[in-house]
Amino acid sequence: MSVFSNILDENSRNLRNEIPCDDGIASPINDDDEEFLTKSNRVLLVGADSNSSLKNLMTQYSYQVTKYESGEEAMAFLMKNKHEIDLVIWDFHMPDINGLDALNIIGKQMDLPVVIMSHEYKKETVMESIKYGACDFLVKPVSKEVIAVLWRHVYRKRMSKSGLDKPGESGTVESDPDEYDDLEQDNLYESNEEGSKNTCDHKEEKSPTKKPRMQWTPELHHKFEVAVEKMGSLEKAFPKTILKYMQEELNVQGLTRNNVASHLQKYRQSSKKTCTPQEPQEDFVWGNAGPDVTLAASKTLLSSHATPSYLINNQAAPRGSYFMNNIPYPSTSCLPVNNNNCFMTNPSTYIDQFQHQLQQQQQHQQYQSTLNSISAMLTKQESRHVPSSAMENSEPLMIYNSNLPFGIDECFPPAGFNIFDQIGHN
């Protein structure tokens, strides 16, 4: 069982689920690759276990295995025949030379990929092995599926020596930002897999050149959109077909399938966001509210056409200025209190009561004026026929004029009634 192998298998499954797979896509195979496919890989197996089951299993998968149960003997053999070994598998718990010591020696003096194996899978053990340059970590018992693909470390080592970071990518092509980050991860992983450099060696032997980032110019993006439209729809567009159309029909050079795949994924996400309809906001917003019916009615009541000017609130009007018609009043329904800080009021009820009381006051004054004039006239006319003694002892004469705009019951207010006291209370 291999920790790295499980991670690689899981990542492969995730990629197959997320990215549409194009049939017929394969890495280019050159003559060197064909030679590697037919060639057997030479493996040095170092372990204290005398059981040869692992060796027999590796032999079934066409590995040429040389096995040692002593670390010192294995290291001596490796010093003399380092050019005849393609892969080293070393037990982490060897008594004389453990796995970390072997990684240190091989990393300084040789250029071989080293795989560490152990019966335990503690994180500390795995992390230490990786830090010292192990390209893989196997947990005993090792399955046949893991053994079957151990040759990938030898193949990756050959690619790193020939300067091929990834098949199918040109050194002059700019990489996407996401691809650039992935490339850094791959380079770090490959340097660990080489098993030939420790931590200090990695810092000293960094590659002086890095691939520049991919720049999708507006013109290049327009050609990309033309290619997508040519496919019929965004769902039918695949990186391989888009790249082929851009290279053959639009004469675009320097692009790779990974560049197009990354840009296509971002383009799909952007299209989904653009096509998603905006849901109406259900939350109440004051800006969307309709007109305030109460406030509109209050403004109507307080307008100069419907209400006398002395009934409109003034910020600095004294108590006695209610009857002053020449003072300009603001057309608002706010009362001034506490240093002219206004608050809203509902003046409808107050104005109705106040107008009714003023009407009563005017009617009473009109009645008093009419009554006084009539009484004066009767007194002058009837004083000639009525003796003075009779007038002194008789009750006051009450005369009602039917032409007045009020009834006889409304002539006199109740005893003790004062219109100005009523206005002050209200």
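Positions of Cβ are set from backbone N, Cα and C atoms, glycine also.
Small disclaimer: the values here were computed from a predicted structure and weren't measured.
Checked against Swiss-Prot, the range among 30-33, 166-169, 210-213, 330-333 recorded as motif 'Nuclear localization signal' is 210-213. There are 23 other Cβ atoms within 10 Å of the Cβ belonging to ASP91 (4-aspartylphosphate). When pLDDT values are averaged over the domain 'Response regulatory' (40-155), the model yields 91. In this structure, ASP91 (4-aspartylphosphate) is part of a beta strand by DSSP. Helix, strand and coil counts under DSSP for the domain 'Response regulatory' (40-155) come to 51 helix, 26 strand, 39 coil.
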